[in-house]
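Student: What TrEMBL lists as coiled coil is 391-440. Look at TrEMBL and you will find 467-601 tagged as domain 'GGDEF'. Taken from TrEMBL, the feature signal peptide applies to 1-21. The feature transmembrane segment is assigned by TrEMBL to 185-207, 214-240, 252-272, 284-304, 310-330, 337-356, 368-389.
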Amino acid sequence: MNKKYPLLMLPLMCWLLTCLAFPAAAVVVNADDQEIVLDLHSRYLVDVGGRATLAEIRSRDAEFAAIDDRRQLNFGYTRDAYWLRIELQPEITHQQQHILEFEYAYLDDVTLYVVRPASVGQLRAGRYIPVVQWPIAGRKPAFPLMLNPHEPLVLYLRVVNHAAMALNTRLLSVSEYSLNNNQTLIVLALYFGMLIALGSYNFLLFLALRQNTFLLYSAFVFTFGFAASSMNGVGPLLLWPEMALAGGADRIVPTGFSVATALAMMFARSFLNMQQLAPRWDRFLAMAIPLWWGGALLTLISGVQLALQIMSVMGIMTTLTLLATGIAAVRRNVPAAHIFVAAWTLLLIGTSLLSIRNAGLIPSNFLTVYGMQLGSAAEMLLLSFALAARFNDLKRQKEKAQQTLLDTLLEQERVLECRVSERTAELEKAKDQLQRQATEDALTGINNRNGLRQFFSRMKKHGPENETVAIMLIDLDDFKPVNDRYGHGAGDELLQEISARLQATVNDNDTVGRMGGDEFVVIGRAVKSSQDVYDYANRILSSVSAPFKLKNGAEIRVGACIGICMRRLEGQTMSTLLRCADEAMYQVKRGGKQGISLDYDHEPGMAGSPPDA
């Protein structure tokens, strides 16, 4: 016996022993699974001090604790490293890629170990690693997993975080991951776009009116938005993708939100202006503001985890303080105070959800993860309305300033209307572009599958009931050797040239499209006879077979197999006709290269049989 054979079997034996020592059921991954929530399939282990290696952790598999409730994965603030263990059992027939994604973006350092029977892979992501070095550049840590048919694998995830340790994960197909990621980015783009618009608008009002209330509101909005962009991963993704958020940059979230709370206190005192109506409340705010700035300074000099905890406390205290102040202002009929109270009530709800989730008391979901963004969006909109209400009240009180302020508002409305009109035009243009992208082949500019189906649907809807059509399926001969010899760039040149030739050859009322690869489709309308169709196909074949010179000077020539299905349009579907044309095309292929095969069930024009292909 070969002495090397037992050594080669050693990794597999270790794998089997590990699986036997750890009897947890593996997550079965089927080929059609789009999303699998892994929370209840995970087991966790606390690495006190965070110094254990993978080998040491694997030797402690039996110590991993089961997860019975998703809320157990919210571990709150901790200095220890946490390990997750997940077993996967792919029940697939061919290799597939899936994405392992964390639901919480604000994680410092995440390391994934992929343990297979014969290998161990390692990937890293997190705020302490530049986004450009992540395996998948995105808002949240995510890792690609290549699943092989029936090959079990064990995932070990090591997470270190100064903020709340929320370790909810899910396994997504590539398409589902892209869809979810794009939808979330759209929502966040709307959110930050709203913040930028509100902040910029009120800053312009400050420049025009020189009232500090608008400047404080604008500073509050921009500071809050900057900190929020770092917390939910948009900032590292778009603004500083090559920077690791360790060291001083790690203070963006705690210090940013703390400064925002201090600015909110200053804005509230200026907005409510209760010196005459409620002087005690005004003095209370005046004394509290330095304390808030002291808290913001403390987040700069304390440890990162303590700074985050200070931030959470300041967020709740600010909302409660301003809510109480606003209620007092409503009781004293301060202008726009009721809107002020409604705004801070919404922010209180959103901030409370986030803070309670950070403490591990409630599970992570859309409302708890994005509660602060949702609450702050509503709060800032209402505060903007409150500013407008207070602004109108000042207009009524000061006759001289009324006309000036009215003119300013009218000008702003005109500017906004122009922007809305421009934006509407841009959206219409973008819509048209998206429509073209949905129906055009990106490489050649001709119809893609979707475009061909839409053309067929229009033809069937608006064409004569007894119209006869011919579907030609064209498959290029010797296309792969061109790719192999001259490269994929040459193959792309050839496909573009073939598309141009087909467009120049087909009749005016016909259309041409690309099915993918080197397959093209021509839809011929108003067919007169089988001989006419055959001659038509011969012209196409001659055009396709003509020599073509590449950009590098090489001259190439390809042939084509053309399968044609000629049928009355009534009662037919695109799929049926394509299958018929495909069968005809393979008749040509079975006989060799370069040829035409016509399948028809009637002769629309003249009597006789079609010529031999």
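Each residue, glycine too, has its Cβ placed from N, Cα and C.
Can you tell me where each of these features sits in this structure?
Tutor: Mean predicted confidence for the coiled coil (391-440): the pLDDT average there is 76.
Within its own chain, the transmembrane segment (284-304) is flanked in space by residues 162, 250-251, 254-255, 258-259, 261-262, 265-266, 268-269, 310-311, 314, 318, 321, 325, which lie at least six positions past its ends and keep a Cβ under 8 Å from the stretch.
Long-range contacts of the transmembrane segment (310-330) within the same chain: residues 253-255, 257-258, 261, 264-265, 268, 272, 274, 277-278, 281, 284-285, 288, 292, 295-296, 298-299, 302, 337-338, 340-341, 344-345, 347-348, 351-352, 355, 358, 372, each at least 6 residues beyond the stretch ends and with a Cβ under 8 Å from a Cβ of the stretch.
Sequence-distant neighbours of the transmembrane segment (337-356) (same chain, 6+ residues past either end, Cβ-Cβ under 8 Å): 268, 271-272, 312, 315-316, 319-320, 322-323, 326-327, 329-330, 362, 367-369, 371-376, 378-383, 385-386, 389.
Under 8 Å from some Cβ of the transmembrane segment (368-389) lie the Cβ atoms of residues 103-104, 188, 191, 194-195, 198, 201-202, 213-214, 217, 221, 224, 228, 232, 271, 315, 335-336, 339-340, 342-344, 346-354, 356-357, 362, all in the same chain and six or more residues away from its ends.
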Student: Quickly jot the same-chain residues contacting the transmembrane segment (214-240) by Cβ under 8 Å, restricted to those at least six beyond its ends, or write none.
Tutor: 105-106, 127, 131, 137-140, 185, 188, 192, 195-196, 198-200, 202-203, 205-206, 249, 252-253, 255-257, 259-260, 263-264, 266-267, 270-271, 370, 372-373, 376, 380, 383-384, 387
Student: Could you tell me what the rest of the chain brings near the transmembrane segment (185-207), counting residues at least six beyond its ends with Cβ under 8 Å?
Tutor: 139, 214-215, 217-218, 221-222, 224-225, 228-229, 232, 234, 373, 377, 380-381, 384, 387, 408, 412
Student: So what's near the transmembrane segment (252-272) in sequence-distant terms, Cβ-Cβ under 8 Å and 6+ beyond its ends?
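Tutor: Counting only partners 6 or more residues beyond its ends, the transmembrane segment (252-272) has Cβ contacts under 8 Å with 106, 163, 212-213, 216-217, 219-220, 223-224, 226-227, 230-231, 235, 245, 281-282, 285-286, 288-289, 292-293, 295-296, 299-300, 304, 307-308, 310-311, 314-315, 317-318, 321-322, 325-326, 329, 334, 336-337, 340, 386-387, 390.
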